[in-house]
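Engineer: Can you read through this structure? Questions will come right after.
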Amino acid sequence: MVKVAINGFGRIGRLVMRIALSRANVEVVAINDPFITVDYAAYMFKYDSTHGKYAGDVQYEGNTLVIDGKKIKVFQERDPAQLPWGEEGIDIAIDSTGVFKELDSAQKHIDAGAKKVVITAPSSTAPMFVMGVNEEKYAGETIVSNASCTTNCLAPLAKVIDEQFGIEEGLMTTVHSLTATQKTVDGPSMKDWRGGRTASGNIIPSSTGAAKAVGKVLPQLNGKLTGMAFRVPTVDVSVVDLTVKLNKETTYDEIKAAIKAASEGKLKGILGYTEDAVVSTDFLGDNNSSIFDASAGIMLSPKFVKLVSWYDNEYGYSTRVVDLVEHVAAN
């Protein structure tokens, strides 16, 4: 049984807890969020506008959440180094704040007594692992990143295509649901002027490091992929459009067959496959990292193709966070 603590009880933190509670070998013993009280944590965990009401029992007493009879301590500490992770016997701290995402800042959890840290965001200094893609390279590192939701969608698809047909170069666009960093009405956003515009009424071009990050988890693709994002007014589920120039001539049917085989084989549960006439809401709550939409892609020539793959950027990603926690604990 791996004892975990969740730092940051936002969209990802709460879904990670829902998923962790369903795993027999993961025990959530504590959460920390300086911005919410225990009664509010109970409310936010119980009610979810996107994924629905939690099916079990949610109570609180003192500074403790009681979920399905299980007690989980709630802390409100701004500095992770001050948390009692040693005293609580924390094996892995899951940092889902989006703040402590580099080795030096995530180290605070280690200083507090946690044995390992899993960061739920891309990191420029911590090693990144994408389940189904490069997790076998994990060699006991103390602090690791689960990369981003978009990298988790793109990397399994890129891996299959590169292994079967070779990727010469490619461009990715993610059409991405809005997130908490965006504004309900036009507001100040000095680092990203467009990002400060009304989220619910605009298609907003944005940057993303997700495609370049694939080169970190699949070194053979380093420098071969880059990408951008469009933020759109949907609450959850996003879609990757990967346009690639291949090394080897092929047909679209051969590409579909290769992806279908991977989805039923070594990437089962990570990479999904559908030929149905689907739309974004059909993937709410889907725990795959990436679901290839066979009927949405197009091919211009035997080496030039556009591939489309969906992902629940909240639920699918949070599922992978818990998978990585289990993998780190076992290795």
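Positions of Cβ are set from backbone N, Cα and C atoms, glycine also.
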Engineer: Ser148, Cys149, Thr150, Thr208, Gly209, Arg231 bind D-glyceraldehyde 3-phosphate according to Swiss-Prot; which of Thr125, Thr179, Thr184 goes with them?
Structural biologist: Thr179
Engineer: May I ask you to find which of Asn313, Asn331 Swiss-Prot records for the NAD(+) site already listed with Arg11, Ile12, Asp33, Arg78?
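Structural biologist: For the NAD(+) site that includes Arg11, Ile12, Asp33, Arg78, Swiss-Prot also lists Asn313.
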Engineer: Under DSSP, is Ser148 (D-glyceraldehyde 3-phosphate binding site) helix, strand or coil?
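Structural biologist: SS state of Ser148 (D-glyceraldehyde 3-phosphate binding site) = coil.
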Engineer: Out of Arg11, Ile12, Arg78, give those binding-site residues positioned within 10 angstroms of Thr179 (D-glyceraldehyde 3-phosphate binding site), comparing C-alpha atoms, in sequence order.
Structural biologist: Arg11
Engineer: Determine which residues of this chain, when Ser148, Cys149, Thr150, Thr179, Thr208, Gly209, Arg231 are set aside, have a Cβ within 8 Å of the centroid of the D-glyceraldehyde 3-phosphate site's Cβ atoms, and list them as they appear in the sequence.
Structural biologist: Thr174, His176, Ala210, Ala229, Ser238, Asn313
Engineer: Same-chain residues six or more away whose CB lies under 8 A from the CB of Cys149 (D-glyceraldehyde 3-phosphate binding site)?
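Structural biologist: When sequence neighbours closer than 6 are ignored, Cys149 (D-glyceraldehyde 3-phosphate binding site) has Ser238, Tyr311, Asn313, Glu314, Gly316, Tyr317 within Cβ distance under 8 Å.
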Engineer: Could you state the whole-number distance in Å separating the C-alpha atoms of Asp33 (NAD(+) binding site) and Ser148 (D-glyceraldehyde 3-phosphate binding site)?
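Structural biologist: Here the two Cα atoms are 21 Å apart.
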